[in-house]
């Protein structure tokens, strides 16, 4: 039996959801040019990414049931998966404006498309609101309807808290490494990434299959939040040490003054001389200064520090997975699949 969802089958669900949203907009007699605009917003920003979060919802359903999904289960879990992708699109459209980013998924960021600009702010709002339009249409009579609503609201709030902390800790135009700390870093990655990327998809599948007991949700939380933290540390490591040809992007964390895992490790380990170098070279739009920071990372042997962190963290996560209580329908396979996808990844 297939233990993962086919990407093509998952992608085939999206056009019907886009149609649902456009039909809903038309109920308000929205002028045709605005309907066309919204259609473009949906098609440019929602599909086309890696779809990891979205695919995780039906994949989790398969792992929980230990058998193929019925057509209805597949459709519903895929819709919930696409709602995580709508949420992601809302965050990314907004985030790219806040960061003045240039490209996203190899294309110009949405706000940089001709004629879009600041209209992208309202477009982001509409992507978020679309989540609740779809939830109502497809899940209004599901026993977990209110739980779905609360989970999306709570996850959105958590992600925004993480984003706030990120934006004020590391503004691109003002470098102050005294602002950085491992505590702030862990807060940012936990709230900005771990909840919506890891906890949300599994919690949605548990709710849909009516397996979301307090114990199951707690166990899910206690494994997936550390897993999400590890994923982000890995991302930060790959930004400096990964191969751009493999990752598909050139790392910019050093020049962007990011409060990353590597700079926090460097700050904990550097001497006075090295700290001076970091203060003058970090967060500057200058590739020679960036190269100096990377050379200092090498001097401090941060690659070894990362490898030790990885083995220790993955060991702890594996122990937690092994200790899962499956008596209420939770399955170890759910978490083994997540770990398998990210352990020692190169992109």
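From the backbone N, Cα and C atoms, a Cβ is placed for every residue, glycine too.
Per Swiss-Prot, these features apply:
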BINDING   50, 53, 88, 105  isopentenyl diphosphate binding site
BINDING   95, 99  Mg(2+) 2 binding site
BINDING   95, 99  Mg(2+) 1 binding site
BINDING   104, 192, 193, 232, 249, 258  dimethylallyl diphosphate binding site
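Feature annotations (Swiss-Prot) mapped to structure.
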residue: 50; record: isopentenyl diphosphate binding site; DSSP class: coil
residue: 95; record: Mg(2+) 2 binding site; DSSP class: helix
residue: 104; record: dimethylallyl diphosphate binding site; DSSP class: strand
residue: 192; record: dimethylallyl diphosphate binding site; DSSP class: helix
residue: 232; record: dimethylallyl diphosphate binding site; DSSP class: helix
residue: 258; record: dimethylallyl diphosphate binding site; DSSP class: coil
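One way to see the shell of the isopentenyl diphosphate site is to take the Cβ centroid of 50, 53, 88, 105; the remaining same-chain residues with a Cβ within 8 Å of it are 49, 51, 52, 54, 85, 92. Looking at the residues that bind isopentenyl diphosphate per the record, 50, 53, 88, 105, the two CA atoms farthest apart are separated by 16 Å. In the structure shown, across all protein chains, 95 is the one of the binding-site residues 95, 99 with the greatest number of other Cβ atoms within 10 Å. Counting only same-chain residues six or more apart in sequence, the Cβ atoms lying under 8 angstroms from the Cβ of residue 258 (dimethylallyl diphosphate binding site) belong to 170, 236, 239, 252. Each residue contributes its Cα atom, and for residue 232 (dimethylallyl diphosphate binding site) and residue 99 (Mg(2+) 2 binding site) these two points are 18 Å apart. Shown in sequence order, 92, 96, 110 are the residues of the chain, 6+ apart in sequence, with a C-beta less than 8 angstroms from the C-beta of residue 104 (dimethylallyl diphosphate binding site). Using Cα positions, the member of the binding-site residues 50, 105, 192 nearest to residue 95 (Mg(2+) 2 binding site) is identified as 192.
Comparing residue 99 (Mg(2+) 2 binding site) with residue 192 (dimethylallyl diphosphate binding site), their Cα atoms are 15 Å apart once rounded.
There are 21 other CB atoms within 10 A of the CB of residue 53 (isopentenyl diphosphate binding site), with all protein chains counted. Residue 105 (isopentenyl diphosphate binding site) and residue 193 (dimethylallyl diphosphate binding site) have their C-alpha atoms 18 Å apart, to the nearest angstrom.
The two recorded residues, residue 192 (dimethylallyl diphosphate binding site) and residue 88 (isopentenyl diphosphate binding site), have Cα atoms 11 Å apart.
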